[in-house]
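As recorded in TrEMBL, the features of this protein are as follows:
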ACT_SITE  Lys157  active site, proton acceptor
BINDING   Gly56, Trp58, Asp76, Asp92, Asp117  S-adenosyl-L-methionine binding site
COILED    581-608  coiled coil
COMPBIAS  307-332  compositional bias 'Basic and acidic residues'
DOMAIN    24-200  domain 'Ribosomal RNA methyltransferase FtsJ'
DOMAIN    234-373  domain 'DUF3381'
DOMAIN    497-681  domain 'Ribosomal RNA methyltransferase SPB1-like C-terminal'
REGION    307-338  region 'Disordered'
Amino acid sequence: MGKKLKVGKTRKDKFYHLAKETGYRSRSSFKLIQLNRKFQFLQKARALVDLCAAPGGWLQVASKFMPVSSLIIGVDLVPIKSIPNVVALTEDITTEKCRQALRKELQTWKVDVVLNDGAPNVGANWVHDAFSQAHLTLMALKLACDFLAKGGTFVTKVFRSKDYQPLLWIFQQFFKKVQATKPQASRNESAEIFVICQGYLAPDKIDNKFFDPKHAFKEVEVQAKAIKDLVPLKKPKAEGYTDGDLTLYHTFSATAFLKADNPVDFLSKANEINFDNPELESHEATSDEVIECCRDIKVLGRKELRDAEEKKEEKKEEKEKKKMTVSEKKEEEAELEEEEMEQKLAELKAEEVAELRRKKKKLLKERRKQRERVALKMDLPGVSIADGNDSSMFSLVTINKAAALCEITKGDMKLADAMVEGEEDLYFSDDGDSDEVSLVSDLDDDDLDEIIEKQKEMAKDKAAKKKYVFHSVSLSLCIYLDCLDQWQDFKRCVFPPGKRARIMNAEGLALGCQIATSKKRSRDLVDGSFHRQDYSEDQCEVPEWFVDDEKKHRNKPIPVTKEMVEEYKAKWKEINARPIKRVAEAKARKKRRMLKKMESAKKKAEAVVNTVDIGEREKMAQLKSIYKKAGLGKEKREVTYVVAKKGSGTKRVRRPGGVKGQFKVVDGRMKKDMRGMQRKEQKKKESIYIVCKRHEEVGE
Ligand SMILES: C[S@@+](CC[C@H](N)C(=O)[O-])C[C@H]1O[C@@H](n2cnc3c(N)ncnc32)[C@H](O)[C@@H]1O
């Protein structure tokens with residue numbers, strides 16, 4: 001046979017264990033803790049009497065929650081083990097002796113709280129037990145009325161029996177507020193309930209009949225009848241006790257309750273209601289609270305019933321409200337979405353308008369600028385050559401028709417116009433390398449022939465690509481002059497006949513800069529082109545020697561100072577010293593590759609370090625090889641080469657003086673050969689450099 005499970009009161013529940021753990025003498029302690037949490041009567045109390053206090057759990061709680069140095073007296077039939085700051089009396093609370101003992105302890109003092117957790121020795125039968133308990137409660141009330149100060153609190157346990165309501169009525173005669181409650185720590189199966197009577201009225205005279213059970217309960221019955229009389233409905237049939245039914249504990253079914261004519265009367269007779277119909281139990285109106293109340297109907301007074309009814313109504317209203325709020329919420333969300341959409345649309349519209357305005361402003365600004373340029377004769381009407389972005393038309397590489405180029409250089413402005421307006425396809429390009437933008441306007445016929453020849457050569461040998469760079473100022477000036485003669489003059493002035501074309505040399509740049517930076521200077525330059533040195537070979541039929549001589553000596557000096565030329569030379573040097581785009585790109589690529597390698601080497605190294613299977617030596621070796629592969633190994637040691645002395649043969653050579661670190665003994669002949677080769681290499685480089693320089697000087 002297995003061990004029988006303990007049920008009901010014999011079961012050791014969580015409060016039992018909690019009391020054991022926290023050191024409270026009884027699980028009842030938690031009932032008082034919970035009651036005090038709800039009604040807060042201990043914190044303000046300075047004196048307290050606990051009736052039926054053994055073993056002293058409530059006294060412990062009182063001592064804990066009441067202010068320090070409060071007066072606490074405990075009374076019980078059985079002795080109470082001493083508790084600090086607590087007076088324990090062993091008395092029967094129903095006796096005069098107990099009253100006197102208390103008087104002795106309290107002297108003239110009145111207490112703020114009287115507690116009663118009295119439970120008579122039960123077991124005879126329910127009726128007897130219920131009566132004893134009611135009697136004990138009445139005695140406790142009598143003591144409370146004796147010792148309570150005005151406004152004091154009386155907390156008592158009551159068993160729900162037929163005397164429960166009469167007791168409540170009596171409490172109400174002495175206290176302002178009477179509330180019944182069942183704390184969580186009180187077992188559901190227990191018929192006990194706690195009544196908290198607050199605001200002791202302290203009447204001058206108290207009729208002792210109130211404390212006489214016979215009178216007290218009779219009085220209440222009379223009172224109850226009087227209340228019933230007030231109900232205008234037909235008088236319920238006096239039922240009395242059912243024959244043979246000696247118990248006071250009645251259990252009814254939920255169906256019987258629902259069928260009852262007067263539910264309130266029905267409830268007053270019931271102690272418990274069982275859910276006989278599962279549908280009823282699972283009905284949405286059957287809340288947990290309803291089920292809990294049905295287990296112990298006596299906990300409910302008329303007030304609770306009314307409250308329950310009201311709660312039900314409230315819940316209904318809440319549900320309806322919720323339903324409303326859900327639909328309202330949906331509507332609100334839809335509205336919000338609409339608003340957001342509208343806002344977004346408005347924002348988009350505003351952005352669009354702003355963009356349009358910006359564009360319009362830019363266009364107007366450009367037009368204004370162009371008008372200004374046209375007014376200053378810097379532009380042709382309708383065409384802006386000052387547009388920095390479109391340099392293609394000034395590019396030699398974009399001109400693909402030599403004839404057109406010749407026409408332009410001869411000053412055919414119609415063609416120039418056409419070129420500008422894009423009517424004629426006057427552009428040609430070499431390899432499409434548009435980075436090197438140049439201008440050809442300032443070339444004479446010979447130069448052009450030469451350039452065309454070169455273009456052909458370049459097409460043949462792409463490796464020998466050369467970059468022709470011209471200054472755009474020249475062509476803009478060409479259009480600006482708008483006069484073939486003046487153009488020819490300027491051309492002769494800048495590039496005297498017989499000389500090779502100057503392709504962006506320092507002189508040309510300095511001159512171009514003069515023209516571009518000052519209107520007056522450019523005007524002066526044009527004016528100055530009408531001079532006595534000006535001549536035309538076509539017009540003058542002169543001997544060849546004369547032309548040659550003229551070419552040599554009849555040159556008008558170019559109005560550019562030596563310093564200016566030097567300055568532009570220096571600038572050119574600086575530009576040439578810069579790494580070209582491709583070199584920079586290659587360097588960046590190399591750097592990226594290195595970083596990538598480093599990253600992967602790092603990962604591999606980490607993996608090696610984290611490996612547990614291999615030893616430190618092996619790890620080091622692997623790490624070395626990883627870093628070596630990544631090109632991150634140790635830098636090569638510098639080795640000094642020492643020439644072996646003649647006749648040293650295979651002898652071990654001693655470290656020569658002044659040589660540090662690693663050194664290597666080499667053959668003298670070999671060293672000489674190496675030096676010779678190096679010299680040869682150097683000479684070759686120098687000769688190439690000189691050739692290049694010469695080419696540069698002649699403007700190739
Ligand atoms: C449930 S216990 C009280 C527990 C107590 N509140 C605590 O927390 O430890 C009920 C007590 O009432 C006491 N009692 C019953 N009849 C009494 C009486 N006539 N006078 C004094 N004490 C009585 C019992 O001796 C018993 O100790």
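Glycine is no exception: its Cβ is also placed from the backbone N, Cα and C atoms.
Location within the structure of each feature annotated in TrEMBL.
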residue: Gly56; record: S-adenosyl-L-methionine binding site; Cβ neighbours (10 Å): 24
residue: Trp58; record: S-adenosyl-L-methionine binding site; Cβ neighbours (10 Å): 30
residue: Asp76; record: S-adenosyl-L-methionine binding site; Cβ neighbours (10 Å): 22
residue: Asp92; record: S-adenosyl-L-methionine binding site; Cβ neighbours (10 Å): 14
residue: Asp117; record: S-adenosyl-L-methionine binding site; Cβ neighbours (10 Å): 22
residue: Lys157; record: active site, proton acceptor; Cβ neighbours (10 Å): 22
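Among the record's S-adenosyl-L-methionine binders, Gly56, Trp58, Asp76, Asp92, Asp117, no two C-alpha atoms are more than 18 Å apart, and one pair sits at exactly that spread. When the Cα atoms are compared, Lys157 (active site, proton acceptor) and Asp117 (S-adenosyl-L-methionine binding site) turn out to be 5 Å apart.
According to DSSP, Trp58 (S-adenosyl-L-methionine binding site) is assigned to a helical segment. Checking the recorded positions Trp58, Asp117, Lys157 against ligand 1, the ones with a C-beta less than 6 Å from an atom of that molecule are Trp58, Asp117.
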